[in-house]
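**Student:** Provided herewith is a single structure, encoded as structure tokens, for subsequent inquiry.
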Amino acid sequence: MNLVNLENILDNTSFLVLFLTMMIYWVGAAFPSVPYLQALGTAGVAIANLCIAALLGARWIEAGYFPISNLYESLFFLAWGVTAAHLIAQQMSRSHLVGVVTTPVAMGISAFAALTLPADMQTSAPLVPALKSNWLMMHVSVMMLSYATLMVGSALAIAFLFVTKGQNVELHGSSVGTGGYRTGVRLNKPQPVQETAIEGSGNVAVLNTTVVSDAPSLSLQRLSIADTLDNISYRIIGLGFPLLTIGIIAGAVWANEAWGSYWSWDPKETWALITWLVFAAYLHARITKGWQGRKPAILAASGFVVVWVCYLGVNLLGKGLHSYGWFF
């Protein structure tokens, strides 16, 4: 079996595994009493992650360079990053809710790469001279990982907005939160409650999260779900933002070496800056201004669209130094 055939098998396998895993998580959300579905879903994401890693490794061997130079390769690297971010978030939360949100994103990315892209865009080609640099791995890989983590965090924020739709919910406590499902803390009824500090492990004091709502009814289960989604969304975005910052700085250094200018207001650079500003505003609002609940979630949810425009929209327009030029 040659490497090209192996790549074709692996990309289709990763799509199939992610599709089945998505269905497992959705069934698990509908029937939470079934004990083994969450473990099965986590195993499915891990298998998909390994399949994509093997695909990228085979591509690296075949082409002789780090496989992130065209749209097909970057999409699968992005899918790998989303599955990796899922596993991190799953470890943080111990909740099946993460998979309900993240597996459709990863599955959609792999489906677009494996089933939609033209065959000529799925084949490897020699690198253009400008890409023959160690900065290719250092800059692009970090940017793609930041996109993956920010997408996951933003998708969880969208899920939070869906769960709290029509409710004036505000979560009070630390910015990190406690997570009702994750720690087993039973949230209070939707009315103002006095916060009490409890001592956590590692000499870190945390606050029991309480919820204030003007709405007449929001079940304790939905409050716990909302708390978990808000908590993990914040943590994952907090991981992705430094990666985005490092990636932009690395890109500026590479641009100066290649073209003699740190910043040229290329469409990709402009949208990367917009993305950075959106998530900087989100973190500033939560950490400095103390925003909680739906307001920061709306800001994070808008970041989901901004990241996709930055990554895919600008590229497919065929404009600028970062374009893949498929549609136009």
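For all residues, glycine too, the Cβ spot is worked out from N, Cα and C.
Per Swiss-Prot, the features are:
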- 15-35: transmembrane segment (TRANSMEM)
- 37-57: transmembrane segment (TRANSMEM)
- 68-88: transmembrane segment (TRANSMEM)
- 97-117: transmembrane segment (TRANSMEM)
- 142-162: transmembrane segment (TRANSMEM)
- 236-256: transmembrane segment (TRANSMEM)
- 271-291: transmembrane segment (TRANSMEM)
- 297-317: transmembrane segment (TRANSMEM)
**Student:** List, by number or range, the same-chain residues at least 6 past the transmembrane segment (236-256) whose CB is under 8 A from its CB atoms?
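**Tutor:** Residues packing against the transmembrane segment (236-256) from afar: 85, 88-89, 133, 135, 138-140, 142-143, 145-150, 152-154, 156-157, 262-264, 269, 272-273, 275-276, 279-280, 282-283, 300, 303.
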**Student:** List, by number or range, the same-chain residues at least 6 past the transmembrane segment (297-317) whose CB is under 8 A from its CB atoms?
**Tutor:** 71, 78, 147, 150-151, 153-155, 157-158, 160-161, 164, 230, 233, 237, 267-268, 271-272, 274-275, 278-279, 281-282, 285, 323-328
**Student:** Quick test of the contact rule: Cβ under 8 Å, at least six residues beyond the ends. What residues does that give for the transmembrane segment (68-88)?
**Tutor:** 11, 14, 18, 42, 45-46, 48-49, 52-53, 55-56, 59, 98-99, 102-103, 105-106, 109-110, 112-113, 117, 121-122, 124-125, 127, 131, 136-137, 140-141, 144-145, 147-149, 151-152, 236, 239-240, 311, 315-316, 324, 326
**Student:** Going along the chain, which residues at least six beyond the ends of the transmembrane segment (97-117) come within the CB cut-off of under 8 Å?
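**Tutor:** Those are 11-12, 14-15, 18-19, 21-22, 24-26, 28-29, 38, 41-42, 45, 48, 52, 71-72, 75-76, 78-79, 82-83, 85-86, 89-90, 151-152, 155-156, 158-159, 181, 225, 228-229, 232, 326, in sequence order.
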